[in-house]
């Protein structure tokens, strides 16, 4: 792989023309990232904060991560750190990454969190206790097919699809995998009774999400600048339907439950994410994809900013005319659409 190929994968030459929204405010209380977020239908948002990821900037590397709660029904919403309870859970090594919720028929809400304690990968299963504003830790899931987790989409209380963004676990081999562009990253279906690889051959599989009707799975391939649409079958296998190309590094995907639109947090220039320079910080970009299942999906750049306000956007989600944007290691932005 030539240096030119590397620069193409990282989209190293892209500069951002600003695309502003009428009214945006930084979210008070978020300074060390909001890498993933999910908004419940009632307007409560869970936010994963404080990610430490190998080779990526952290503004507070010694501070454990946390899950924040934000009520988007409030006029000027603030964040609250959710207390984590459960005797077996080690808070000091909590390092949350991708998150996903599942609501069962009794309206119990489960939060599944990708965690990297001591640079490993686990999925932590919590039950959300709304009255107490806490998360009850139920179990830790580990598996040899879940070595390098990035994101997760829950399809049951202990059932999910998850992306592994690398094949190798060893840091030296990981760096060569990335440098050579091996595209050995893959997606796994996990349930208590069976675990299997359902898609592979990705150059850094990243965000994953599901259509409102549960029939389609969307996977973001970061370094190929693609979003793939898969049909989900009754036996949990996936079949590739189509792939969309972008001029940006696509990170996390949120799906609007009402319209089915995809909202994607993106890195216009990956060089600035992987090689951080405070004088030339990573930009932010949000794309909206409408009608993704049709012959002519409509892609709209909704927001773009060169990093002076918001560095390194990873996720964006909408609720009642508002847009919440999260970042790998920086702040979060709340905008009116």
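For all residues, glycine too, the Cβ spot is worked out from N, Cα and C.
Bear in mind that the values here come from a model prediction, so they are computed numbers and not experimental data.
TrEMBL has this to say about the protein:
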type     : residues                            : note
ACT_SITE : 97                                  : active site, proton acceptor
BINDING  : 35, 36, 99, 150, 151, 206, 251, 252 : Ca(2+) binding site
DISULFID : 24-335                              : disulfide bond
CARBOHYD : 235                                 : N-linked glycosylation site
CARBOHYD : 252                                 : N-linked glycosylation site
CARBOHYD : 306                                 : N-linked glycosylation site
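Using a 10 Å Cβ-Cβ cutoff, residue 99 (Ca(2+) binding site) registers 26 neighbours. Nearest neighbour of residue 251 (Ca(2+) binding site) by Cα distance, taken over the recorded positions 24, 97, 306: 97. Across the structure, residue 35 (Ca(2+) binding site) and the residue listed as 'active site, proton acceptor' are spaced 6 Å apart at their Cα atoms.
A C-beta separation below 8 Å, combined with a sequence spacing of at least six in one chain, links residue 206 (Ca(2+) binding site) to 150, 151, 163, 165, 220, 221, 222, 250, 251, 252.
Same-chain residues that are not part of 35, 36, 99, 150, 151, 206, 251, 252 yet have a Cβ within 8 Å of the Cβ center of the Ca(2+) site turn out to be 97, 98, 114, 207, 314, 315. Neighbour density for residue 335 (disulfide bond): within 10 A of its CB lie 20 other CB atoms from the protein chains shown. Residue 36 (Ca(2+) binding site) and residue 306 (N-linked glycosylation site) are 20 Å apart (CA-CA, integer value). The recorded positions listed here (24, 36, 235, 335) include 36 as those with a Cα within 10 A of the Cα of residue 97 (active site, proton acceptor).
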